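Heads up, the thing below is written out as structure tokens.
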Amino acid sequence: SEPTLLVAVQSELLLYELRSLKEDVLTTTDKSLIIFSVDYDLVEQKVFWMDLNAESIKWISMNTKKKGTLVKGIKSDCIAVDWIGRNLYWTDGTAGELLATWLNATWRGTPEYTVVLDGDLDQPRSLALQPLQGLMYWSEIGDKPQIEQAGMDGSNRKILIDKGLGWPTGIALDLLSWKIFWSDDKLRCIGSANLDGTGIKVFQLSQIKSPFSVAVFEDDAYWSEMKTRTVQKVNKKTGKNRAVLIKRHGQPYGLKIMHEVLQPMASNPCRELGCSHLCLLNPKHKGSCRCPIGEVLADEKNCIPLKDSAFVFLVAPTVITQVYLKKLPPTARGETLPEHRVFPLTNVDYLTAIDYSVRDKSLYFADREDGYIRLLRIKDSGKLSWKRVVPVGGTVVSLALDWLSGNVYWIDSRNPNIRVATSNGRYALVLISEALHRTVSVVLHPPTSMMCFADLGMESHSAGPKIECASMDGSRRKVLWRKSQRPVGLTFGDFGTRLYWADHTKGVVESIQLDGSRFRLIRGGLHGLTLFAAGEGMMVWTTPTHNGSTRVWHSKLELMENWWFQVDQKIVDLKIYSKFTQQGSNGCSENNGGCSQFCLPNHQGRVCKCTVGYHLEHGTECTRAVTCPEPLEACKDGLKCFTRKQACDGHNDCLDGSDELACNYLDREKPRSTTAPTPAKPGFRKEEVLAPTR
């Protein structure tokens, strides 16, 4: 058939037949909108385009002229059609993402697309697909302009070209010569290279002033020219035979050559895979199941909405297993795990504690030998990425996340203190240190700003085991319960008004109101119990077996059920999560409460605090404390230094007046004995203060 040039000119889609030179307007959009990028699908005879201002991707049937919207509420720089896997991809340069959705999706008000790649992408701009090989290519126009390649599922990513590029605004594949072409707005050229990145060749013609988009067909390369508002072509090998095809008043943007040789048919490996949602092609000529934003893969094929499903994390030394509570089998025994998802963790020696934000899909975890609390982000696509966040001393024995502010609380093995760090680990603080002996567990309820912790006490002292609670800023501390021997698995329930726990020694589950009333024994007879968690009306606990595996038990909280399944490894931590239980707000959930360092929520709202070496100003700002050389002393607020003569001289040299504190002025008005002791001046040793002469 005759090859046709599909080009976007301002708000119009033009069809320009390359042999007959016939020109036709396919459709015209709102004059206020700009059609930035275009592509097509010959299978269903559709043309797709992206509206820059409307933030949507739309389509039109070339046969019936029927129109539709594929997706809304997205920012896109370039779109690309996968005619084999039946998906549409786009780049989001602002967010630094490559995304995909169904080619035949219908916009119903909720996003049904997946993030294919979002790691270290520096302003991705143009995108080209090679579905026959399961590969995609894209250009980046950030600080380091480059052209990259990856599988269409985001796998096997690599840099193809990172030299000789200025601002690669458009890329196109030429499968006949097995080359990639690009337009460079900064260097005012059109370049080409082999698909392995070798054999780079550049055309720098005087007529190439500001190229925007590029396409290749047979012997010619086509591009849209911004400054002259034209679409031109040139011989792709020689750079000769330049010709102007289209010149309009409107600005030309994206363009594509439409011909069946450019979209050859092949079998779709996704057709037989049975993915519940999206299926993306990969370089192995297979499909990879992916989930829309807001859902994750429960197994290799099926997506489950997290917001609709509570789950339990079973933490083994080197792996975390997620089991949805609704999938727990109501059977007396189960030799294998129910339907689950496994997060294998690389470079982990022995996990000791975790906590998780359902909203952010962020898992904080501690490794026995690592010296850090680490953060694992669980992507919507099913991919994992992690980084070290908070440096710690000793082994973390308990970890709790304020999922509203991002603050991380923890206890380590070196001392019983309860510590807190900001979400990025930049600032850390000892929150509670007094009257603690063997603190083993800390738990938070961010919406009510409450914190509870278990202290096993000291056998050599009169201090026995106790459960205490306080505000999450460490204030209003009180003992809640003293009659448990070894409490484990502290869990808030009933919207933060009740605390649940299990007693490892007595084998019972207990609970009490946070005001100390209405203590209840939930159930007993749980012999050998090691770990416990409660939530969403369920309780889960573990017991060890003789062969080193773990038996995981579960029951409705108010019933005496004893269902179980077995895990072939030791379980070191156990927690239940649900999006419904991680809702609400506190004084630090928005803009860090206006605090420059720590925002710690409490019953009145919040309090700002500073790490060591800083002092608080105006209630919110942390400024570095001054360092006073000998023999000067620092004011208590850390803002100024004062001399020995300035102390107790009747004049406030410190802004907070701390240089005049502990000065006994009343004694100066009374007759004093020469043998009377002289009060010490603040900050100086007593013998340094000279006694006044009579």
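Note that the numbers count up from 1, one per residue, in the order the chain is shown.
Cβ coordinates come from backbone N, Cα and C, glycine included.
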Q: Determine, on the basis of TrEMBL, the cysteine among C635, C641, C663 paired with C648 in a disulphide.
A: C663
**Q.** Tertiary contacts of the domain 'EGF-like' (587-623) (same chain, 6+ residues out, Cβ under 8 Å)
**A.** 402, 404-405, 407, 420, 422, 427-429, 431, 446, 449, 471-476, 637-639
**Q.** Fewest other Cβ within 10 angstroms of its own Cβ, chosen from the disulfide-bonded residues C648, C663
**A.** C663
Q) Can you name the far-off residues of the same chain, 6+ from the ends of the repeat 'LDL-receptor class B' (134-177), with a Cβ under 8 Å from a Cβ of it? A) 78, 80, 82, 85, 89, 91, 93, 98, 100, 116-117, 121-128, 183-187, 191-193, 195-197, 200, 202, 211-216, 218, 221, 223, 236, 254, 262, 280-286, 288, 290, 381, 383
Q: For the domain 'EGF-like' (269-304), would you mind checking the mean pLDDT of the predicted model?
A: 87
